[in-house]
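What TrEMBL annotates here:
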TRANSMEM  7-24  transmembrane segment
TRANSMEM  30-47  transmembrane segment
TRANSMEM  59-79  transmembrane segment
TRANSMEM  99-118  transmembrane segment
TRANSMEM  130-148  transmembrane segment
TRANSMEM  183-201  transmembrane segment
Amino acid sequence: MTRTRWWALSLAIPMILVALRMGWTHSLTYAFYYWNLFLATIPLMAVRRLDPEASLWSYRNLVGLGMWFFFLPNAPYLITDMVHFQEGPKAPVYLDEAIVYACAFNGVLLGYASVRRVEDWMLKRYRERPVRFAILVVFLACGFGIYLGRYLRLNSWYIVTQPLRVGRVVGVRVLCPLEYKQTWAVTLLFGALLWLGYLAFRSQVPRRNTA
């Protein structure tokens with residue numbers, strides 16, 4: 001099968017499981033997973049159209065990389081949806097476990113696949129060491145994004161719809177880090193875990209010849 005079909009199959013599994021749960025409980029409690037799974041696919045879709053021949057500053061590449069960067073935290077964010085485990089009308093524990101695992105698995109894998117594409121694209125243009133450092137920064141930004149989404153309930157599109165609010169929230173935490181220890185604890189913890197997981201993922205996935 002093609003990569004697209006494998007992705008479709010992988011994403012279909014948690015969607016079917018959620019549908020089964022809704023049928024079992026007659027409740028839409030877990031329906032949010034459909035939206036979160038959709039958001040998790042955006043980073044990979046955004047970078048599939050990067051132009052390997054154009055510069056970083058071309059309109060197409062800037063838009064693609066911008067969407068990728070700001071939506072990337074939505075992919076590993078699915079890990080934190082385990083806080084909803086057994087929420088609402090009860091379903092069999094094994095069904096909820098399968099849903100949580102399948103969604104988290106897809107989220108992390110989608111995120112890693114998109115980062116791998118961007119890393120390969122960057123390595124064609126820049127030296128390896130700066131690129132590796134940039135990828136580390138990206139994962140730390142992911143950790144920060146997870147904190148903003150899970151604890152402050154901020155969404156990626158607030159960058160456009162509520163830029164001043166996002167700017168205030170980010171600015172005060174950057175300028176006064178010691179007053180927001182939880183922010184940086186979550187950022188460093190998730191950023192480091194995602195980065196280490198990506199290093200393992202990258203070691204098993206051959207480099208692409210095209211962006």
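Note: Cβ is positioned from N, Cα and C throughout, glycine not excepted.
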Q.
At a C-beta cut-off of under 8 Å, are there same-chain residues at least 6 beyond the transmembrane segment (130-148) that contact it? List them, or none.
A. 69, 72-74, 76-77, 80, 111, 115, 118-119, 122-123, 154, 156, 166, 169-170, 182-183, 186-192, 194-195, 198
Q | Residues of the parent chain within Cβ reach of the transmembrane segment (183-201), under 8 Å, 6 or more residues beyond its termini | A | 76, 79, 108, 111-112, 115-116, 135-136, 139-144, 146-147, 150-151, 173, 177
**Q.** Long-range environment of the transmembrane segment (30-47) - Cβ separation under 8 angstroms, sequence gap at least 6
**A.** 7, 11, 14-15, 18, 21-22, 64-65, 67-68, 71-72, 74-75, 77-78, 81, 84, 87-88, 99, 103, 106-107, 110-111, 113-114, 117-118, 121, 156, 211
Q | For the transmembrane segment (59-79), sequence-distant contacts whose Cβ falls under 8 Å of one of its Cβ atoms, 6 or more beyond its ends | A | 36-37, 39-40, 42-43, 46-47, 49-51, 103-104, 106-108, 110-111, 114-115, 118, 138, 141-142, 144-146, 148-150, 156, 159, 190, 194
